[in-house]
Amino acid sequence: MFLVNSFLKGGGGGGGGGGLGGGLGNVLGGLISGAAGGGGGGGGGGGMGLGGGGGGGGTAMRILGGVISAISEAAAQYNPEPPPPRSHYSNIEANESEEERQFRKLFVQLAGDDMEVSATELMNILNKVVTRHPDLKTDGFGIDTCRSMVAVMDSDTTGKLGFEEFKYLWNNIKKWQGIYKRFDTDRSGTIGSNELPGAFEAAGFHLNQHIYSMIIRRYSDETGNMDFDNFISCLVRLDAMFRAFRSLDKNGTGQIQVNIQEWLQLTMYS
(Lines of atoms letter the chains of each structure in order from A and count residues from 1; the text may use other names and numbers.)
(Lines give C-alpha, C1' and ligand atoms only; values in the text may rest on other atoms or scores of the structure.)
Protein backbone atom coordinates (compact mmCIF):
# COMPACT_ATOMS: atom_id res chain seq x y z
CA MET A 1 0.00 0.00 0.00
CA PHE A 2 1.07 3.54 0.63
CA LEU A 3 2.13 5.51 3.67
CA VAL A 4 -1.47 6.36 4.65
CA ASN A 5 -2.15 2.68 5.25
CA SER A 6 0.26 2.74 8.15
CA PHE A 7 -1.03 6.10 9.38
CA LEU A 8 -4.56 4.78 9.78
CA LYS A 9 -3.24 1.78 11.68
CA GLY A 10 -1.74 4.17 14.21
CA GLY A 11 1.75 4.68 12.93
CA GLY A 12 2.84 7.31 12.02
CA GLY A 13 26.58 5.55 2.59
CA GLY A 14 26.27 5.37 -0.86
CA GLY A 15 28.66 8.30 -1.12
CA GLY A 16 31.71 6.20 -0.35
CA GLY A 17 34.72 5.69 -2.54
CA GLY A 18 36.23 2.74 -4.31
CA GLY A 19 34.78 0.84 -7.23
CA LEU A 20 31.23 1.38 -6.00
CA GLY A 21 31.41 5.15 -6.23
CA GLY A 22 32.51 5.30 -9.85
CA GLY A 23 30.45 2.38 -11.07
CA LEU A 24 27.32 3.50 -9.31
CA GLY A 25 27.71 7.05 -10.50
CA ASN A 26 28.15 5.89 -14.08
CA VAL A 27 25.18 3.55 -14.10
CA LEU A 28 22.79 5.82 -12.23
CA GLY A 29 24.04 8.80 -14.18
CA GLY A 30 23.13 6.94 -17.35
CA LEU A 31 19.75 6.03 -15.92
CA ILE A 32 18.84 9.58 -15.00
CA SER A 33 20.12 11.03 -18.26
CA GLY A 34 17.98 8.52 -20.11
CA ALA A 35 14.86 10.48 -19.23
CA ALA A 36 14.02 12.59 -22.24
CA GLY A 37 10.91 14.11 -20.77
CA GLY A 38 7.38 13.01 -20.43
CA GLY A 39 4.77 13.80 -17.90
CA GLY A 40 2.33 12.49 -15.44
CA GLY A 41 -1.15 11.48 -16.24
CA GLY A 42 -4.40 13.24 -15.72
CA GLY A 43 -7.74 11.72 -15.15
CA GLY A 44 -9.77 11.34 -12.06
CA GLY A 45 -13.04 12.13 -10.45
CA GLY A 46 -14.78 15.11 -8.94
CA GLY A 47 -13.90 17.72 -6.34
CA MET A 48 -13.12 17.14 -2.72
CA GLY A 49 -13.10 18.76 0.67
CA LEU A 50 -11.82 18.26 4.18
CA GLY A 51 -14.24 17.52 6.96
CA GLY A 52 -13.81 17.33 10.67
CA GLY A 53 -12.77 19.78 13.32
CA GLY A 54 -14.29 23.09 14.26
CA GLY A 55 -12.58 26.37 14.63
CA GLY A 56 -13.16 30.01 14.05
CA GLY A 57 -12.11 32.36 11.35
CA GLY A 58 -8.83 34.14 11.26
CA THR A 59 -5.97 34.37 8.83
CA ALA A 60 -4.61 30.89 9.49
CA MET A 61 -7.95 29.21 8.83
CA ARG A 62 -8.53 31.25 5.68
CA ILE A 63 -5.11 30.25 4.36
CA LEU A 64 -5.72 26.59 5.23
CA GLY A 65 -9.13 26.76 3.59
CA GLY A 66 -7.61 28.18 0.44
CA VAL A 67 -4.93 25.51 0.31
CA ILE A 68 -7.41 22.68 0.80
CA SER A 69 -9.76 24.16 -1.78
CA ALA A 70 -6.92 24.31 -4.30
CA ILE A 71 -5.86 20.75 -3.52
CA SER A 72 -9.46 19.69 -3.94
CA GLU A 73 -9.50 21.07 -7.47
CA ALA A 74 -6.14 19.58 -8.36
CA ALA A 75 -6.47 16.12 -6.87
CA ALA A 76 -9.38 15.28 -9.11
CA GLN A 77 -7.00 15.56 -12.05
CA TYR A 78 -4.06 13.68 -10.55
CA ASN A 79 -4.22 9.90 -10.50
CA PRO A 80 -0.82 8.46 -9.48
CA GLU A 81 -0.09 4.76 -9.45
CA PRO A 82 0.68 3.35 -6.00
CA PRO A 83 4.25 2.30 -5.24
CA PRO A 84 4.93 -1.37 -5.94
CA PRO A 85 4.79 -3.83 -3.03
CA ARG A 86 8.07 -4.48 -1.27
CA SER A 87 9.85 -7.62 -2.46
CA HIS A 88 13.20 -9.20 -1.69
CA TYR A 89 16.08 -8.22 -3.94
CA SER A 90 16.63 -11.85 -4.95
CA ASN A 91 13.23 -12.02 -6.69
CA ILE A 92 14.63 -10.96 -10.04
CA GLU A 93 12.00 -10.44 -12.70
CA ALA A 94 12.36 -12.56 -15.80
CA ASN A 95 12.00 -9.57 -18.11
CA GLU A 96 14.56 -7.43 -16.30
CA SER A 97 16.93 -5.69 -18.68
CA GLU A 98 20.70 -5.82 -18.36
CA GLU A 99 20.67 -2.22 -17.15
CA GLU A 100 18.12 -3.09 -14.46
CA ARG A 101 20.13 -6.12 -13.35
CA GLN A 102 23.21 -3.94 -13.03
CA PHE A 103 21.13 -1.40 -11.14
CA ARG A 104 19.98 -4.15 -8.75
CA LYS A 105 23.54 -5.38 -8.24
CA LEU A 106 24.72 -1.91 -7.37
CA PHE A 107 21.74 -1.41 -5.08
CA VAL A 108 22.87 -4.47 -3.13
CA GLN A 109 26.28 -2.85 -2.64
CA LEU A 110 24.78 0.51 -1.75
CA ALA A 111 22.17 -0.78 0.69
CA GLY A 112 24.50 -2.94 2.77
CA ASP A 113 23.54 -5.88 4.95
CA ASP A 114 20.01 -4.69 5.72
CA MET A 115 19.22 -4.37 1.99
CA GLU A 116 17.59 -0.98 2.53
CA VAL A 117 18.62 2.57 1.65
CA SER A 118 18.53 5.23 4.35
CA ALA A 119 17.96 8.94 3.78
CA THR A 120 21.69 9.60 4.16
CA GLU A 121 22.57 6.91 1.61
CA LEU A 122 19.96 8.31 -0.77
CA MET A 123 21.38 11.81 -0.38
CA ASN A 124 24.90 10.61 -1.14
CA ILE A 125 23.99 8.79 -4.34
CA LEU A 126 21.69 11.56 -5.64
CA ASN A 127 24.39 14.15 -5.11
CA LYS A 128 26.95 11.91 -6.80
CA VAL A 129 24.70 11.65 -9.84
CA VAL A 130 23.71 15.32 -10.17
CA THR A 131 27.36 16.38 -10.15
CA ARG A 132 27.59 14.60 -13.51
CA HIS A 133 24.90 16.90 -14.94
CA PRO A 134 26.27 20.46 -14.92
CA ASP A 135 23.22 21.63 -16.88
CA LEU A 136 21.14 21.09 -13.74
CA LYS A 137 21.64 24.04 -11.43
CA THR A 138 21.48 22.73 -7.88
CA ASP A 139 23.06 23.14 -4.48
CA GLY A 140 22.68 19.41 -4.00
CA PHE A 141 20.08 17.35 -2.19
CA GLY A 142 19.88 18.05 1.52
CA ILE A 143 19.09 15.50 4.20
CA ASP A 144 15.59 16.93 4.80
CA THR A 145 14.68 16.52 1.14
CA CYS A 146 15.91 12.94 1.17
CA ARG A 147 14.07 12.17 4.40
CA SER A 148 10.92 13.43 2.72
CA MET A 149 11.53 11.18 -0.28
CA VAL A 150 12.07 8.17 1.95
CA ALA A 151 8.93 8.93 3.97
CA VAL A 152 6.82 9.18 0.81
CA MET A 153 7.96 5.78 -0.47
CA ASP A 154 8.36 4.01 2.88
CA SER A 155 5.40 1.60 2.71
CA ASP A 156 6.23 -0.20 5.97
CA THR A 157 7.52 2.82 7.95
CA THR A 158 10.97 1.38 8.54
CA GLY A 159 12.55 4.73 7.70
CA LYS A 160 14.40 3.14 4.76
CA LEU A 161 13.73 2.06 1.17
CA GLY A 162 13.77 -1.49 -0.17
CA PHE A 163 14.79 -2.21 -3.74
CA GLU A 164 11.37 -1.85 -5.36
CA GLU A 165 10.65 1.34 -3.42
CA PHE A 166 14.02 2.79 -4.38
CA LYS A 167 13.58 1.83 -8.01
CA TYR A 168 10.10 3.36 -8.12
CA LEU A 169 11.39 6.61 -6.60
CA TRP A 170 14.30 6.63 -9.02
CA ASN A 171 11.94 6.28 -11.99
CA ASN A 172 9.97 9.27 -10.73
CA ILE A 173 13.15 11.31 -10.43
CA LYS A 174 14.12 10.33 -13.98
CA LYS A 175 10.72 11.42 -15.28
CA TRP A 176 10.79 14.70 -13.36
CA GLN A 177 14.34 15.40 -14.49
CA GLY A 178 13.23 15.10 -18.11
CA ILE A 179 10.37 17.52 -17.45
CA TYR A 180 12.72 19.92 -15.70
CA LYS A 181 15.07 20.03 -18.67
CA ARG A 182 12.23 20.35 -21.17
CA PHE A 183 10.71 23.36 -19.44
CA ASP A 184 14.02 25.09 -18.76
CA THR A 185 13.46 26.84 -22.07
CA ASP A 186 16.12 29.50 -21.59
CA ARG A 187 18.72 26.85 -20.58
CA SER A 188 19.50 28.73 -17.39
CA GLY A 189 19.65 25.52 -15.35
CA THR A 190 16.61 26.66 -13.35
CA ILE A 191 12.88 26.90 -13.94
CA GLY A 192 11.47 30.41 -13.75
CA SER A 193 8.07 31.32 -12.37
CA ASN A 194 6.71 31.67 -15.90
CA GLU A 195 7.91 28.15 -16.80
CA LEU A 196 6.67 26.51 -13.62
CA PRO A 197 2.95 25.94 -14.44
CA GLY A 198 3.76 24.06 -17.63
CA ALA A 199 6.32 21.89 -15.84
CA PHE A 200 3.94 20.98 -13.04
CA GLU A 201 1.10 20.21 -15.44
CA ALA A 202 3.44 17.94 -17.41
CA ALA A 203 4.10 16.11 -14.14
CA GLY A 204 0.34 15.70 -13.63
CA PHE A 205 -0.34 18.53 -11.18
CA HIS A 206 -2.94 21.10 -12.26
CA LEU A 207 -2.83 23.85 -9.64
CA ASN A 208 -4.34 27.30 -9.37
CA GLN A 209 -2.37 30.53 -9.28
CA HIS A 210 -2.66 30.85 -5.51
CA ILE A 211 -0.89 27.52 -4.98
CA TYR A 212 1.75 28.38 -7.57
CA SER A 213 2.47 31.61 -5.68
CA MET A 214 2.85 29.68 -2.42
CA ILE A 215 5.14 27.13 -4.08
CA ILE A 216 7.33 29.87 -5.53
CA ARG A 217 7.66 31.55 -2.12
CA ARG A 218 8.54 28.23 -0.48
CA TYR A 219 10.77 26.53 -3.06
CA SER A 220 12.18 29.26 -5.35
CA ASP A 221 14.89 31.82 -4.75
CA GLU A 222 14.30 35.54 -4.33
CA THR A 223 14.12 36.02 -8.11
CA GLY A 224 11.47 33.32 -8.53
CA ASN A 225 13.79 30.70 -10.04
CA MET A 226 13.61 27.09 -8.83
CA ASP A 227 16.67 24.84 -8.96
CA PHE A 228 16.59 21.10 -9.54
CA ASP A 229 16.67 19.80 -5.97
CA ASN A 230 13.88 22.14 -4.90
CA PHE A 231 11.84 21.12 -7.95
CA ILE A 232 12.17 17.45 -6.99
CA SER A 233 11.48 18.19 -3.33
CA CYS A 234 8.29 20.05 -4.21
CA LEU A 235 7.02 17.30 -6.51
CA VAL A 236 7.73 14.66 -3.89
CA ARG A 237 5.60 16.55 -1.37
CA LEU A 238 2.78 17.20 -3.83
CA ASP A 239 2.77 13.56 -4.82
CA ALA A 240 2.58 12.54 -1.17
CA MET A 241 -0.34 14.85 -0.44
CA PHE A 242 -2.40 13.65 -3.39
CA ARG A 243 -1.64 10.00 -2.73
CA ALA A 244 -2.60 10.38 0.90
CA PHE A 245 -5.89 12.05 0.04
CA ARG A 246 -6.84 9.34 -2.43
CA SER A 247 -5.96 6.66 0.11
CA LEU A 248 -8.22 8.32 2.70
CA ASP A 249 -11.03 8.85 0.21
CA LYS A 250 -11.88 5.15 0.24
CA ASN A 251 -15.34 5.55 -1.27
CA GLY A 252 -14.25 7.91 -4.02
CA THR A 253 -16.59 10.66 -2.86
CA GLY A 254 -14.02 13.41 -3.19
CA GLN A 255 -14.26 14.16 0.53
CA ILE A 256 -12.35 13.05 3.60
CA GLN A 257 -12.77 13.53 7.33
CA VAL A 258 -9.81 13.41 9.69
CA ASN A 259 -9.25 14.23 13.32
CA ILE A 260 -6.27 16.20 14.61
CA GLN A 261 -4.24 13.07 15.40
CA GLU A 262 -4.71 11.65 11.90
CA TRP A 263 -3.93 15.06 10.38
CA LEU A 264 -0.67 15.34 12.31
CA GLN A 265 0.36 11.79 11.42
CA LEU A 266 -0.40 12.49 7.78
CA THR A 267 1.44 15.79 7.50
CA MET A 268 4.43 15.10 9.73
CA TYR A 269 5.67 11.94 7.98
CA SER A 270 6.12 13.17 4.44
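Cβ atoms here come from the backbone N, Cα and C positions, even for glycine.
Pulled from Swiss-Prot:
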MOD_RES   MET1  N-acetylmethionine
MOD_RES   SER6  phosphoserine
BINDING   ALA111, ASP114, GLU116, GLU121  Ca(2+) 1 binding site
DOMAIN    141-174  domain 'EF-hand 2'
BINDING   ASP154, ASP156, THR158, LYS160, GLU165  Ca(2+) 2 binding site
DOMAIN    171-206  domain 'EF-hand 3'
MOD_RES   LYS181  N6-acetyllysine
BINDING   ASP184, ASP186, SER188, THR190, GLU195  Ca(2+) 3 binding site
DOMAIN    207-235  domain 'EF-hand 4'
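Taking the features listed in Swiss-Prot, we show where each one sits on the structure.
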residue : record                : Cβ contacts under 8 Å, 6 or more apart
ASP114  : Ca(2+) 1 binding site : LYS160
THR158  : Ca(2+) 2 binding site : GLU116
ASP186  : Ca(2+) 3 binding site : GLY192
THR190  : Ca(2+) 3 binding site : LYS137, ASP184, ASN225, MET226, ASP227, PHE228
GLU195  : Ca(2+) 3 binding site : PHE183, ASP184, THR185
Checklist outcome for this item: Other same-chain positions with a Cβ less than 8 Å from the domain 'EF-hand 4' (207-235) and lying at least 6 residues past its termini are 66-67, 70-71, 73-74, 130, 136-142, 145, 148-149, 172-173, 176-177, 180, 188-193, 196-197, 199-200
Checklist entry - What Cα-Cα separation, expressed in whole Å, is found between GLU121 (Ca(2+) 1 binding site) and GLU165 (Ca(2+) 2 binding site)? => result 14
Checklist entry - For Ca(2+) 3, what surrounds ASP184, ASP186, SER188, THR190, GLU195 with a Cβ no more than 8 Å from their Cβ centroid? => result PHE183, THR185, ARG187, GLY189, ILE191, GLY192, ASN225
Item to check | LYS181 (N6-acetyllysine) versus binding-site residues ALA111, ASP154, ASP156, GLU165, SER188 - nearest by Cα | outcome: SER188
Checklist entry - Cα-Cα separation of SER188 (Ca(2+) 3 binding site) and GLU165 (Ca(2+) 2 binding site), in Å? => result 32
Checklist entry - Quick one: Cα separation, ASP154 (Ca(2+) 2 binding site) versus ALA111 (Ca(2+) 1 binding site), in Å? => result 15
Item to check | Euclidean distance between Cα atoms of ALA111 (Ca(2+) 1 binding site) and ASP156 (Ca(2+) 2 binding site), Å | outcome: 17
